[in-house]
């Protein structure tokens, strides 16, 4: 459910066909083949409660001014019943359905039918047709990388409407926020269900499917590794990057427009949220080709976790700070605003440079300089399920020598900065940093479990050289 990703530590993969002694592990890629009781309990909990969590947060802002405790107090004291809260919740409307259908259709059009042209005139940007990582079946998929282009076109049209055409109000997203929630849920469940049916009856590549025999686990975590329709429509890349992340900055802009409408000004805290989260979104699209090597694309199968998560969880819970500031405008003091800005920018710098160093190391096969010195690394090897042997180099220099997932540390610094813009009157805006801490810690553990299975004793050598996961000297 997250746009924040970690690039895999296996960076330089020199393919050598072999059938010799390296064992083949079926858990090197993707999710589990078998389901333990804890995993099943976690899956059932998320399936039942994740949609309710999203509804509860959004309802709390709509009916209780973003106070998370008051709804519970009302219910426990008998002041209100669940039916009272539900009856006050805006229902699905034809207007919202039309807006959402047009939005998704437009993003599909930009994704499938408009080849990337940004890479032709933006120095350093990698777009157009790019190759992804090798799949468990040995397939190397090709992708049309055009997310930055889609983001630019979408936002140019948004601002052109706001300042010139006036076809709709810039507050349109906020004004239809809960009806749009129902639309997002419909799409999230529809695409997840379709992906499961497709995995059973007409998979893109049957060798890249995993079946546990447990319906709930397969529905949640997915069956197909890379479900596709036609040559270019890749479910994972589209739903991870579009429409949720393209919408992220539009949602924040709509919040700012609503603040202007209600109070006659946009506070500096709202500006900080738009700027800091906007930097992250633009970074995502600028490095979309790099994203092809992240956990979501390289390891996760496409199921409810990604389908519903990217349609609902991401746009609704990653934008809570802007939503909160509509109800509780905060004008920060100059020192506080500068401090939060610096925390966010330093976090972004750590996040970006950590990933840049890894990418540079991979592209040059270690023939580069990290912090002015030739990088140190540990050589590893592993074998895919088709018997092909691969060699990797795990870097232990720079930020990657400080911690095995130090890019996540920068990510968490940025996440905390988003939350701090909202002050300390309510806990709702701080859900994001709590969630990201849990999510990224879990990703660390999940990723390292895969790497241990994949690299064996080589991974143990790596963890001895870099003993900490996130915070040097602590964890």
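Note: Cβ is positioned from N, Cα and C throughout, glycine not excepted.
What TrEMBL records for 1-15 is compositional bias 'Basic and acidic residues'.
According to TrEMBL, the feature region 'Disordered' maps to 1-23.
Residues or ranges marked as transmembrane segment in TrEMBL: 37-58 (among others).
If you look at the transmembrane segment (92-114), the same-chain residues 6 or more away from its ends with a CB under 8 A from one of its CBs are 144, 146, 149-150, 153-154, 172, 176, 179-180, 182-184, 187, 230, 232-233, 238, 242-243, 246-247. For 92-114 (among others), the entry in TrEMBL reads transmembrane segment.
For the transmembrane segment (148-165), the residues of the chain that approach it from at least six positions outside its boundaries are 106-107, 110-111, 114, 116-118, 122, 125, 127, 242, 246, 249-250, 253, 257, 281-282, 285-286, 288, judged by C-beta separation under 8 angstroms. The transmembrane segment feature in TrEMBL is assigned to 148-165 (among others).
Summarising the annotation, TrEMBL assigns transmembrane segment to 177-197 (among others).
Marked as transmembrane segment by TrEMBL: 237-255 (among others). If one looks beyond the transmembrane segment (237-255) by at least 6 residues along the same chain, the residues whose Cβ comes under 8 Å of a Cβ in the stretch are 3, 103-104, 107-108, 110-111, 143, 147, 150-151, 154-155, 158, 170-174, 191, 270, 273-274, 277-278, 281, 284-285, 288, 291-292, 296-297, 302, 306-307, 310-311, 314-315, 318-319, 322-323, 325-326.
TrEMBL lists 262-282 (among others) with the feature transmembrane segment.
Same-chain neighbours of the transmembrane segment (302-320): 1-3, 46-47, 50-51, 53-54, 57-58, 181, 184-185, 187-189, 191-192, 195-196, 218-227, 235-236, 239-240, 243-245, 247-248, 251-252, 255, 277, 296, 428-429, 431-432, 435, counting only residues six or more beyond its ends whose CB sits under 8 Å from a CB of the stretch. Here TrEMBL flags 302-320 (among others) as transmembrane segment.
The transmembrane segment annotation in TrEMBL covers 332-351 (among others). Listed as Cβ neighbours of the transmembrane segment (332-351) (distance under 8 Å, sequence separation of 6 or more from its ends, same chain) are residues 267-269, 272, 275-276, 279-280, 283, 399, 406-407, 409-418, 420-421, 423.
As annotated by TrEMBL, transmembrane segment applies to 415-440 (among others). Distant neighbours of the transmembrane segment (415-440): 1-2, 4, 6, 57, 60-61, 66-68, 269-270, 272-273, 276-277, 317-318, 320-321, 324-325, 328, 330, 332, 340-341, 343-344, 347, 405, 408, 470; these residues of the same chain sit at least 6 beyond its ends, with a Cβ under 8 Å from one of its Cβ atoms.
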Cβ contacts under 8 Å made by the transmembrane segment (37-58) with residues that lie 6+ beyond its boundaries: 1, 68, 71, 89, 177-178, 181, 185, 214, 216-217, 219-221, 304-305, 308-309, 312-313, 316-317, 320, 323, 428, 431
